[in-house]
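Here's the structure we're looking at; comments come further down.
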Amino acid sequence: EKDYENAIKYYSEALELNPDNAIYYGNRSLAYLRTECYGYALADATLALELDKNYIKGYYRRATSNMAMGKFKAALKDYETVVKVRPNDKDAKLKYQECSKIVKQKAFERAIASDELKRSVVDSLDIESMTIEDDYSGPKLEEGGKVTLKFMKEMMSWFKEQKKLHRKCAYQILVQVKELLSKLPSLVEITLKETEKITICGDTHGQYYDLLNIFELNGLPSETNPYLFNGDFVDRGSFSVEVILTLFGFKLLFPDCFYLLRGNHETDNMNQMYGFEGEVKAKYTAQMFELFSEVFQWLPLAQSINGKVLVMHGGLFSEDGVTLDDLRKIDRNRQPPDSGPMCDLLWSDPQALDGRSVSKRGVSCQFGPDVTKRFLEQNQLDYIIRSHEMKSEGYEVTHNGQCITVFSAPNYCDQMGNKGAYIHLRGSDLKPEFHQFTAV
């Protein structure tokens, strides 16, 4: 029934009664994979294989977990085992070929990487000489590549009909947004006046029609209707290009009241595995994906509102003592490292128990209510807002009201049946108001 949370609960109970059953571990591993708990999925698949080294599904699940975490060499070894035992399994063969291709590509990239600073794609573009063909009847930017509200409305309806924006316009948007983002600090700090409100949205994951629905329900972005989109704009959904170009367009139109923060999916590794790279290459070119990758590296990592609320995609840190000043100092123009504050901001998750534990995702950590409380006290904050996890109601309030999760991709991956939500915050009291919506 795709109720993976309950599946996990019951497999755990079964394992307490029968801890030597490899299949229970294998099946719980699948449920963890479906809920994106890749670290837990890996541990279960490994336990299954310790109990039964001939359990072929265990190798397959372990490979899938490693693949999801970007550990391609480890994944390849297990896929190889599966293909040897089941040479006629089409799915396993496909996964093996895909993984093998990535391992070779990574090796090639390492071989050609030099110490020289990589030239930006922008330097090799000649946008001026790109011509817009006469038979293109879609939206065009004003003279000098200027984004207007008229252009944004035309582009949104053009995308709604599943038509493609001309590559010249797409490049113009990307080049301008890169320049704009590169001037921003890693920690953006804004102040809402008493009467002002802002709308905070969580993951949108390429669900373009749900993004349009948010604007339908809550009004288009404007100087009096500011928005903050909290990362994971792309991957998973089929319309990531449309989502990201729409968000970038609004950033150019309203640079001081439309905010975007980086998510763990605005990174090369994730884009390679979860669809965005393939989508950009199919709709445009490999060169355009490289430019997207450059732009993503300049997205800010966190935002503070009235010095009292801190917003980030993932969550808090693997160690105590991190200050807002540390966040201001992060050199963000890169792919995220495997550990440290930048990694945590994009990847960590809250947990119910005090303290910290190993991440269910295999990256960063999980942090308890005591960790949240100490961080907020040290930095004189009231609470944090984060995204990064699908919630069946679209949002969740934990850690005694000090940690709020908001997720704005309803019926995630077309199968989870969850609601989406966004939050209103007003300058007068900064009390979160939740608004739920369902998938369109």
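Using N, Cα and C of the backbone, Cβ positions are placed for all residues, glycine too.
Features as listed in TrEMBL:
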{"type": "REPEAT", "residues": "1-21", "note": "repeat 'TPR'"}
{"type": "REPEAT", "residues": "56-89", "note": "repeat 'TPR'"}
{"type": "DOMAIN", "residues": "261-266", "note": "domain 'Serine/threonine specific protein phosphatases'"}
Report the DSSP secondary-structure composition of the domain 'Serine/threonine specific protein phosphatases' (261-266) as helix, strand and coil residue counts. 0 helix, 1 strand, 5 coil
Local confidence of the repeat 'TPR' (56-89) - pLDDT mean: 95
Could you put numbers on the helix, strand and coil content of the repeat 'TPR' (56-89), residue by residue per DSSP? 27 helix, 0 strand, 7 coil
